[in-house]
Every structure is written in C-alpha cells, then in structure tokens.
Amino acid sequence: MSMREKTPETERQARQRQDWALVQGAALEEAKPVTPNALCDCDPLSNVVTGIVGRADVLACVLFLLAFLSYLRSVNCSHIGKYFPPTSSPFFLLLSLFLGTCAMLVKETGITVFGVCLIYDLLVLCPNKLLMNLSADRIRGLLKLSAPYLKRAGFVTVYVLLILFFRVWIMAGSMPNFSEQDNPASFSPYLLTRFLTYSYLLTFNAWLLLAPMTLCYDWQVGSIPLVESLWDMRNVATAVFGLGMVLLTWNCLLSVQKLRHREVLVGLLFLVFPFIPASNLFFRVGFVVAERVLYMPSMGYCILVVHGLNRLCGVLSKWGSSVVTVSTLLVLGLFFWKTLKQNEVWLSRESLFRSGVQTLPLNAKVHYNYANFLKDYGRHDEAVYHYKTALRLYPRHASALNNLGTLTKDVSEAEVHYRQALELNPQHNRALFNLGNLLKSQKKLAEAEQLLRDSVRFGPQFADAYSSLAALLAEQERFGEADDIYVSGIEHCPENSDLHNNYGVFLVDRGDANGASAHYLHAIQLNPKHYVAMVNLGRLLRSANKNKQAETWYKRALEVTRTVEVLSPLGALFYNTGRYDEALRIYKEAITMQPANSELQLAVLFVFSKRFDGKGINLFLSHTQALDAVKRAVHMKPKDPKILAELYFSEGNLLRELNRLDVAFESYKQAVELTPDLSQAWMNMGGIRHIKGDYKAAREYYEKALELVPNSRILRENLGKLDRLEKRLHGERRDEQSPPEPSMRFCEALTCGLTCDYLSTIVFGRRGQLTVRVMELIEFPDTGRDQFKIDSRNK
C-alpha cells in the first residue's frame, strides 16, 4: 500500500478532523473578544451603541459571504482546474452583484467581495497548470479558452466601476475630511514616518487578531506613537510580520499550483481583501486602529488558524492531537471570558469612558470623552483635570479648550481658552458661540454679534447659535433682523423644539399671540416632554383669560416634572382666580423644594393676605419672616411701580401688625407716592394718624381715600368713629392731650380686622384694589417677563 492511499479508517478520521475544524472555526469566530462591540449586546445600552456601528459590520459580513457563495453557484464547478468554467447560472451571478452592492451600502469594505470572487475564480476555478506554463504561441488559444472567465470578470469589473462612480457621486466628488488627531500618521510630512507607521499598524492589527488583550472603544492620537526612525524596536515586529506574510503567500501559490490546500488561499483572501480599505493604502482613513474593521478579516483568520490546527492534528499522534484539542478549548474559554469582561465595559456610559482612560492613558481623545461625561454629571473638578490632561497629551485639541472655558469660573481665563480654541480652529462654531455669549454679557455687542453670525455660518445645524443671535438683535430692538434669524434657524433646524419655543417667546414680545401659540404647540409636538413650552403656552393662555386651558397645560407640565418653575405659575393661576386653598397647597410644595426662596415666601404671604388670618399666617410663616421676605422683594426693585407699591403696602400691613405704626406709616406713604389711587393705603395712613391722635391729618387721609372709593362702608364707619371721638374730646376739653397707648386687647382687635365698634376700633384695609397681577413678580423677579426661553449658554 502506498503512503498516499487511505484506508477507510483514515478517511473517517480525516472527515472527523474536518468536522471538528468546522466547529472550531465557528467557535473561534464567535468567541473573538475583538468583536464584542458588534456581537455581544445583551444589555439595553449596548443595544443602542452597537445597533448601528457593530450590527452594520455583522450584516456586511453576512452579505459578504452570501455574495461569495452566490458567485460560486453561478459558475459551473464540475471540472475545477481542467478548463475555464462557464457561467452556468446568470441569476446567481446577478444575485451576487446585488448582495455585494448591499454589503457595500451597509459597510464600504463590503465592495471587496468582488475582488475576492474574481481572484478565487482565477486561481482556484480556472486551469492553473495552463496558467503556470504559458508561452507566446499559446496566448492566442488561451484567450479563446478563457473567454468565459474574461466575460464574467469584465462584467463584474464594469459593474464595480459603476457603483464606485455612484459612491463618489453621492459624496459630491470629495473624500471625508479628517483631522490630525484622527490619524496622525497620515498628516506627517515625512514619507519614512508614514511608511514605517502604516507598516507597523498592519502588524498591530494582525497581533490584535491573534491576541486581543488590549481593547478600547477609540484608538486615536496618542494611542500608538508614530514610528519615526529605523531604529525603533517596533520595526522588528513589522519585519517578522512581513516575512510571515511573504512565506504564507508563497505557500499559497504553491498549494494552488498543486491543486491542494486551497483553504490557505481562501483564508488569505478573506483576511487581506476586506482590510485593504482600512490600510491607508489608497486613501486616508479616520482612525489609527478600529477594532470593528477586523470583524470581516477575522473570517480569514479563523480559516487559517483552524486549517493549521487541522493539519497539526493530522501529523501528530492521538495523544498529541488531544493536547492540541485541549489547548484550543482553553484558548476558546479565555476568549469567551474576555468577551464577557469586554461586554461589562459597555454597561454604562461611565464604564465605557472610564475604561478608555484606564486602557489607553496616553490617548487624548478618551480623556476628552471622559471629561465630557463628568461635565454632564456636574463633577466639574474631575472634568477640568481630564480636559487639562487631554490638552497636555494633545495641545491642539480645540474642543477641549472650548469645554474647559465653559467650566472656568474666571471670565478672563474663559475668554483666553475660547480664543485659543479659535486660533487652532477658526471655524469651531461652539467656541464662536461661547465667546460671543461671553462678550455679549460684557456689552461688547458688535464683536459678539459677529462671532454669533460666524457660529451660525460654520454650524448651520447649531440651533442655539440662532437663538442667541436673535436674542442679541432683539435686545437692540432690531426686531426684523431677529425675526429673520429665527426663521432661518427653523429652516435649518426644523426638528429643534427649543428653537420653536424661543421663537414663540419672541413673538409674544412682538404681540403675535397666535404665532407664538403655534410655535409652542409645534415644540411640544416635536418633544412631548418639553415642559418649558407647556408652561409658556399656559402663561400665554392665562394672559388671554383662558384660565381653564392654561391650567390644563400647567398640569401637563407637572406630569413631566414637578419643579418650582412649573409649580409657581400654577400657584399664581390659582391665586389670581380666587382658589386660595389650592394656591397655598401648590406653594407649600414649591417651598419644600426651595426653602430659602424669598419669592415663594412672598407668594405665601400674598395668598394669606388676600383673606387675612393671623392664625393662618403663623401656620406657615411668622410675621417677622414674612416681613423679611417682603423687604427682600422690595430690594429687588421691580420695574412695575404698581407691583412695588403693592409690596410697600404689604410691608406696611406687617409692620402695623407688629405695632410699629410709625414705620408702617412710611411704607404706606411710599406706596401712595408710587400709586396715588391706592385707596386702602390712604385709609390705613388715616387709621395710624387716628390712633396717634392727629385727628386733622387722619380726616384728610380718610377723605382722600373716600374720593377714590365713595361707596366704602368701612371708610364711612372710620369717619363716624373719628367724629364721635372728636366730640367726646371737645366735650371733656382734652384737645391738647394725646390718646393713651392702645391696649393689647385693642391691638388684637386691629390685627383681626374687626368691623365692630369696639372702643372706637379703627378698621384698616388689608389689600389694595389693584388690577395688576402681583404674582407675576413672584414668578419672574429678575426680568418681569411673562415668558422664558431655554438658556443655551456654555455649549
């Protein structure tokens, strides 16, 4: 028996090795830790993260394989290697082109399947012995014999050129723009540096497939230092890798010539071709290393590794094969464990970004990303540290400078950071926006306007820039230009709910209530949880006396969030519609959220003062606390004189209740100076003069109040009491004597507001008869405006 002959037993063993090889290949492909970002998404967050990027690689890989298999089905493979096989099924050839196109649309590297098909067709399906022994007199006959392949290859090539032309047309004839931090080697001015670094990156990717120990979600500037010298020790690894690839290719060519071990060729094709677009060979790519681009090449890697293991088991003894099998299972187990550990990195945004800092501490991008996360969660000190680390590793990081400026408390230092960012990138729209807002706050309006216009020009999809620029123009009463900016912003950012809300605020100021209502409703339609637009719409409806509808929108906003900003206007609505118990309940809830908020304390005061009850106030605020709240409100100096007069009037009431009559009189006096028609202030001034024994002045104040409210029963009662007192005093000839200090019983009667004639008790007014809604002050003490915008500073 010759050595090449196989007994039934050896054939069965060979089939078992092949079946085991298939299992190994499938397990190795699934267990590769380099691809968990694409395959392992067992939690909600990774479903979101890998839903587009990772699953696109998986889908492209599936389409790649289907296109390859369809191509093989289109060729008559009955006599492989004997003659050029014809196309037996045009349907499968067209199906292969369609699937390959789908693979390209899913992932650009999918187009390489056509190269794999044509090379495999040429080297495996065609007569290789004839190709290896060509001579000049055989070329003419060869062209005739190879016509089936040439037609097939020509058809596929023309189709590939057409879809490439279509791809370039979609990109408007230009390649994507990348920055230096995306791919530093491609920006190096030295050819040697580019060649050595690109070569080392090939080696690094191959090592990442063999031993995926160091994995990171982002490999950018600083991750892998440039290879700038021939004496760099990493060149040794590059040389070893290059030698290995040369030997593998040579073995592949010899195997093809001998019509055996075609697995090596298939593995090499699947390994090399899908990686070519990511190799920087034909065009610049936007990454240093990207683990996701290794998913399709890993098919070839698995084929080569499993073929090698199968060959190794074929030459070893049974005991040696068992050792190889156990070792393979051990490696697979380690890969599974590494995959599970890598999945834990994707459990949350924090764990993902923190892992990048731990894995690649010299990568400026991961520090920047982690700083962004810390900034979003209010951990500003840590964020500043990582922004500064990113700048230390990569001083030209404009975005890190911009974001560092937003966290800097010193305005001058922040301006320096913004200007440095713009020196590095004059078109950085967010740095332009932030610097423009900063200069706007410093009243440098001309420069601020230019910066904001540049932010809009370089970032036409940045909605906050439109809002800020329009607000600046509106402050300068350039309302037409502001309106144009808002309209332009909505055209470029039609899905931005904040922009619609802010435009609604602008339209309210311009008196266009219908237009404002439409934009508020559109903002809510775009974002059903936009409680700011709901509150603004409620205020707009309330100003039109549509209180029921306003209440509905306030309550809808409360379903989204229960904050002071939502509770306060609802409390004001209840107050102004006479529903004091409900108003008190709302303000109590609000004040538990912000106990030191003087405006809320003042709101409670107004609610109680509407139907004054000394015991009621003491349930929530003491007189002293209420007086302090009113004084703080007075110091705010609201622009509306009626509101300020109401505050002075309330201050006078509280002082009077504390029996500080002289100070109370001054408060009433300031109230009538601001609002001369405040009848109850005049009446209370008369009451104080009445108590003090200055009956002449008391009568003047009473009569002044009576002119304003001629039908006031209380005023007439007080004048009657004054008349009786004057007659009694004249009868007893005590004109020059002052009345005694009021007793505690007398003061209690005053405080409770009794209308009975108890010891000539004087009845004081408790509220001014003002039509102004004083609660507006409580809602917006700083601006006095009825609507508010989304603050878009420091982006």
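Cβ atoms are placed via backbone N, Cα and C, with glycine included.
Feature annotation from TrEMBL assigns domain 'DUF1736' to 173-243.
Proximity of distant same-chain residues to the repeat 'TPR' (364-397), defined by a Cβ-Cβ separation under 8 Å and at least 6 residues beyond the stretch ends, is recorded for 180-181, 216-218, 220-222, 349-350, 353-354, 356-357, 403-404, 406-408, 424. What TrEMBL lists as repeat 'TPR' is 364-397 (among others).
Here TrEMBL flags 497-530 (among others) as repeat 'TPR'.
What TrEMBL lists as repeat 'TPR' is 564-597 (among others).
Feature annotation from TrEMBL assigns repeat 'TPR' to 645-678 (among others). Here the repeat 'TPR' (645-678) has a mean pLDDT of 86 out of 100.
Marked as repeat 'TPR' by TrEMBL: 679-712 (among others).
Annotated transmembrane segment per TrEMBL: 52-72 (among others), in sequence order.
The transmembrane segment annotation in TrEMBL covers 84-106 (among others).
Annotation source TrEMBL lists transmembrane segment at 112-132 (among others).
According to TrEMBL, the feature transmembrane segment maps to 153-175 (among others). Taking Cβ pairs closer than 8 Å, the transmembrane segment (153-175) reaches residues 93, 97, 101, 104, 108, 111, 114, 117-118, 121-122, 283-284 in its own chain, all 6 or more past its ends.
Under the heading transmembrane segment, TrEMBL lists 195-215 (among others).
According to TrEMBL, the feature transmembrane segment maps to 236-256 (among others). Note on the transmembrane segment (236-256): residues 123-124, 128, 196, 199-200, 202-203, 206-207, 227, 262, 264-265, 268, 304 of its chain, located 6 or more positions outside it, place their CB under 8 angstroms from a CB of the stretch.
If you look up TrEMBL, you'll see 268-286 (among others) marked as transmembrane segment.
Residues annotated as transmembrane segment in TrEMBL: 293-310 (among others).
What TrEMBL records for 316-337 (among others) is transmembrane segment.
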